[in-house]
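The region 'Disordered' annotation in TrEMBL covers 1-22. If you look up TrEMBL, you'll see 31-52, 64-85, 97-118, 154-174, 180-201, 256-278, 298-317, 354-372, 378-397, 409-431, 437-456 marked as transmembrane segment.
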Amino acid sequence: STMRKRKTVDSPHTSSDLSEGKEKLRLKQEVGLISGVSLIAGTMIGSGIFMSPEWVLHHMGSPASSLLIWAACGLLATFGALSYAELGTIIKESGGEYIYILRIFGSFPAFLFAYTSVILVRPAGLAAVCLSFAEYAVAPFYPGCSSPQVVVKCTAAACILVLTIINCLNVRLATSIMNIFTAAKLLALLVIVVGGLVLLAKGQTQSFQNAFQNTTAGIGTVGVAFYQGLWSYDGWNNLNYVTEELKKPEVTLPRAVMIAIPLVTCLYLLVNVSYLAAMTPAELLSSGAVAVTWGDKVLGSWAWLISLAVALSTFGSSNGTFFSGGRVCYIAAREGHMPDILSMAHVRCLTPSPALLFTSAMSLIMIIPGSFTSIVNFFSFIAWLFYGMTISGLLYLKIKKPELPRSYKVPIVIPIIVLLVAVYLVLAPIIDQPQIEILYIVLFVFSGIILYFPLVRFKRHPRFLQTVTLHLQLFLEVAPTTRDAN
């Protein structure tokens, strides 16, 4: 019934609206194939590949098994993205998992996702990337010692504020910055890859002799290694958050996925090989920042280039995370699951500025107590909980509603594999090493019930909220928007 309801909502009324002279305010379709590839690859290549390799190796114990984890993570991200591409051609609306859960399972689970994502998951992800940007950006000013936490956190906060201004001003400006930074980070990874190939050609292959020695194979440790690896691939689903802003989404979405994710997977594997060619596993494990240690060993006096490249890379990635994260908040508000003000767009810039400002504020709060590794593990646990739910929705549509029009179909075995892995990733760490923090996260998700019934189900809104919305609307120069009729 929700699918049927969507069809009526989305029926193409645009021409009649225009003929009556009532042109509606909506976000522009300004994301083409190159920007789409940049949004996926640019968000995926962030801090992960420069920080996670030591953690994957730490949990797996051997170079060969850690490379297998990196390859498996790339395959899983590709399978997940191809499954999402089919969902994106059936439900042509922005919002990613939120809009798919809403249209397939209904209002309540969609609200829980939006509540968790907008208040916890997206801001935490953005805070983690900005913290790693800050670590690398301030490191050259404190040679030979660790950077003061106050300086790191202030730099991360400044990064978030700059991103807020860019994304609120102009969609084209945000996507142009994404394209430029994606090119810069691909260049940095190519430098590492070429450096590694030169070392291998010179015969530095000691890390790859008895490469499976000391491999650990516990259910939970493999799950946590996957978390650290998958963090580096996070962003594979980003294009689904901006479907309404894509030019020809039914073509651009699958194509961008097919180009971006295999490209990133190959680069990640080659970069890991390069790290292992330059360092022994023991050196890699003791390195605080793998890429910088690699730079010191291989580039000598030019090692500062790597610190600069990592800072640029993480800034570009946080821009992509921010660009798509603000859209979840905006779409959820448009569907009545968040305050109305968050569903509005700036009347001249045509950007969802209230949603972006709210995401920014939540991320700034997350920076205060956050540390990189703890954020990654808990972010991954909750993300895969909802990824699994979304993929089960696709399987439901494939089996129960095969007649729905779709311009792209993924073989059913692919979403089944993704669903099984999602179940494993959610359950393995709980079974192997139960942590009290995971219980807190689950309780936080279900605390949304307290808000859902009075505010969404029964629409009991405090009276002053309307006045506040009106004043904010005038102050921020924003107006309600309509969804794009695809």
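Heads up, the Cβ atoms here are built off N, Cα and C, so glycines get one too.
Unlike curated records, TrEMBL annotations are generated automatically.
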Counting only CB pairs under 8 A, let me know which of 64-85, 154-174, 256-278, 378-397, 409-431 has the most with the transmembrane segment (354-372).
154-174
For the transmembrane segment (409-431), which recorded stretch in the set 64-85, 180-201, 256-278, 298-317 gives the largest number of Cβ pairs separated by under 8 Å?
64-85
Counting a contact as 3 or more Cβ pairs under 8 Å, with residues at least 6 apart in sequence, do the transmembrane segment (180-201) and the transmembrane segment (437-456) touch?
no
Per the Cβ under 8 Å criterion, with at least 6 residues separating them from its ends, the transmembrane segment (437-456) contacts 107-108, 111-112, 115-116, 120, 336-337, 374, 378, 381-382, 385, 429-430
